[in-house]
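K.L.:
Pasting a structure here, questions to come.
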Amino acid sequence: MSHKRRLCDCLSFISNQVSHDIWAQSVKSQRRHRQKDPTLEMELDQGKMDQEPGRPTWNRQIEFTLAGIGCAVGLGNIWRFPYLCYRSGGGAFLVPYLLMLLVMGIPLLYMELILGQYMRRGPVHALAKACPLLKGVGLATVAISFIMCTYYNIIITWGLYYLFSSFQSPLPWQSCNNTWNTPNCTNHINPNTSSHSSTASQQFFNYRMLERTGGVEESGVLRWELFLLLLLAWILLYFCIFKGVKSTGKVVYFTALFPYVILLALLINNVQLPGAMEGIRFFIVPNWEKLLELEVWVNAAAQIFNSIGIGFGSLMAMSSYNNFNNNILKDTLAISITNSLTSILAGFVIFSAFGYMSHLQNIPVSELAVDGPGLVFVVYPQAFATMPVAPLWAILFFFMLLCLGLDSQFAMVEVMATSLMDGFGGPLMKFLRHKEMLVLAVCSTAFLLGIPHVMQVGIYVFQLMDHYTAIVSLMFLAFFEVLAICGLYGVRRLSANLKEMTGNRPNIFFRVCWMFVAPLLITIILVFTIIQFKPARYEDYVYPPWAQGIGWVIAMASIIWIPLGALHTLWVLPGSFTEVLKKSTGSGEACVHAESVWSLESLGQWACLLCSEKRRGGPDGPTTERRKKLKEIKIAVEAVQISQTWQNANTI
């Protein structure tokens, strides 16, 4: 009885508070109370969540879908998946790959898109609202996106260099009769030749375009051609995204769709070449024994994870511009399935070309199968050099790489701009006036930080950053993101978020994947990554210890925000450690939406009704319906209490 009396007293207080707020008629008065009263802050935010004034949305929902596909489909689909498929059992690799797509890729993408669309914020504020204790995860996603966009654009720069170099016949990497070639240059890959020999395409990449030094110890000079192309790449990127989703939504109609036209054209051309079918057979014939190796399953999960972009925060930021009631499941399926089908299509394109080269040079396909930049800038260009109308196919291929690279960059820059606007929109707009200037500032900063990559030492800097960012940082970040959303925020709240937006809760399959399957798989991948981790290297060059140390600093530049965010939350919240920990693992603002649809006004009305019934000497106990309402009100009251401290915890 005493517990119910305290609950009634608490609800009566809320009722009185709400009555006072309803009495205030002027907008100015409401704003004044909003600043003073956290409970009123929550009530006003609840209406704001449904439709936030001033936040742009996609002109058409198909624009978000295409932007999401462009973000997910990148260079990894071209240079990583085919090699993994070949090395991991050919067609047998599709079994773990598609299974991981089903139980991890689709559910985790769905999770990110739900949270972004519901919170209508980028990853920093969305994750801070979902779980104040792990708000640093949101900062880490922005940090890793910023680090990656500083060096990812160098791939676009290389693509532009090859694109412009393709407007000549014969192609400059076709022969060894050029000034940059060395005496050990050869026009054919031959496993019986000296290990010191290299092909014409290898020497074009290393000695003409990069003019690389002997190692990271020698910085060399600035490559002015690459510097200007890097500037051009950032200018192209800026004018594609400077208006936010309004401009990006128009560009993705071309950049997300045209690569498929080129892929299909390349496939049709390649399958007509002699030896192409042998390469395709090498790609798809299954080696079922490989499925007994744990590494194959981990590689499949890691490829799904990296390809879709879980943990970058990019798709979460993009989904924050959706209409609040958008059916996010359709977008999730479209993005994830299209991404995987693109990988398979790229595998047929790449290995049909490998089969052709194998036939032409009379060497095994296994001698040609490589991954990474060497595939698209060394091996595949060598294949073009012997094809009919070689410049045309080279131009189409490198233009496709340009489109794929720009699409991925759209997302990485957008997540930074969105997070800055969400956190510091007022002060930034006073200084920069327009969002276009904010995007310009982000692009300019990333351009300046990318200059070391266009020096002669650039390839070593690129490999070092990619190794420690894409392998080390991302796995830790993904683990804590799943812990924050699926563990601490909770599947129940996430499901209620979806119901509030679409009217339907996720089915049992998604809930089981969120609660058990995905966290388990992420943990296994993380442990396997740590156990199998090897220091960075480029070809035969091994980085010195001090360079490896810099690599770990780069990795920690994003991971460090997770413990810093947790320490800040625990420091600013009042109460004992146990109380603070309990408050910081819940959500103030989001909890009200997720656990109850009651507004503060309806809570006050129910408080008066229940308390008056007791005072009139009503029934000894509430009915089943009233007991249910009482439980819902209790949950909402707890959320209100949490919200009174949430504002401090959410201050970053």
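Each Cβ is built from the backbone N, Cα and C atoms, and glycine gets one as well.
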K.L.:
SER307, SER319, SER366, SER444: which one does TrEMBL list with GLY70, ALA72, VAL73, ASN77, ASN339, LEU404, ASP407, SER408 for the Na(+) site?
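P.N.:
Only hit among SER307, SER319, SER366, SER444 in TrEMBL's Na(+) site, alongside GLY70, ALA72, VAL73, ASN77, ASN339, LEU404, ASP407, SER408: SER307.
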K.L.:
I'd like to confirm something. Which of the binding-site residues, GLY70, VAL73, SER307, LEU404, SER408, has a Cα closest to the Cα of CYS176 (disulfide bond)?
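P.N.:
Sorting the binding-site residues by distance from CYS176 (disulfide bond), the top entry is LEU404.
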K.L.:
When only pairs 6 or more apart in sequence are counted, do the transmembrane segment (512-531) and the transmembrane segment (251-268) reach 3 or more Cβ pairs under 8 Å?
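P.N.:
No, these stretches are not in contact.
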K.L.:
When the number of other CB atoms within 10 A of each residue's CB is tallied over all shown chains, which of the binding-site residues SER307, SER408 has the maximum?
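P.N.:
Output for this query is SER408.
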K.L.:
Other than its close neighbours in sequence, what residues sit by the transmembrane segment (251-268), given a CB gap under 8 Å and a spacing of at least six beyond its ends?
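P.N.:
Residues 63, 66-67, 69-70, 73, 240-241, 342, 345-346, 348-349, 352-353, 393, 396-397, 399-400, 403-404, 406-407, 410 contact the transmembrane segment (251-268) from elsewhere in the chain.
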K.L.:
Does the transmembrane segment (551-573) come near the transmembrane segment (333-357), with 3+ Cβ pairs under 8 Å (pairs 6 or more apart)?
P.N.:
no
K.L.:
Any chance the transmembrane segment (64-82) and the transmembrane segment (377-406) are in contact, meaning at least three CB pairs closer than 8 A with a sequence separation of 6+?
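P.N.:
Yes, these stretches are in contact.
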K.L.:
Report, as numbers and ranges, which residues of the same chain sit near the transmembrane segment (333-357): CB under 8 Å and 6 or more residues beyond its ends.
P.N.:
65, 68-69, 71-73, 77-78, 81-82, 85-86, 94, 97-98, 101, 105-106, 109, 189, 260, 263-264, 266-267, 270-271, 273-283, 303-304, 307-308, 315, 365, 368-369, 375, 379-380, 382-383, 386-387
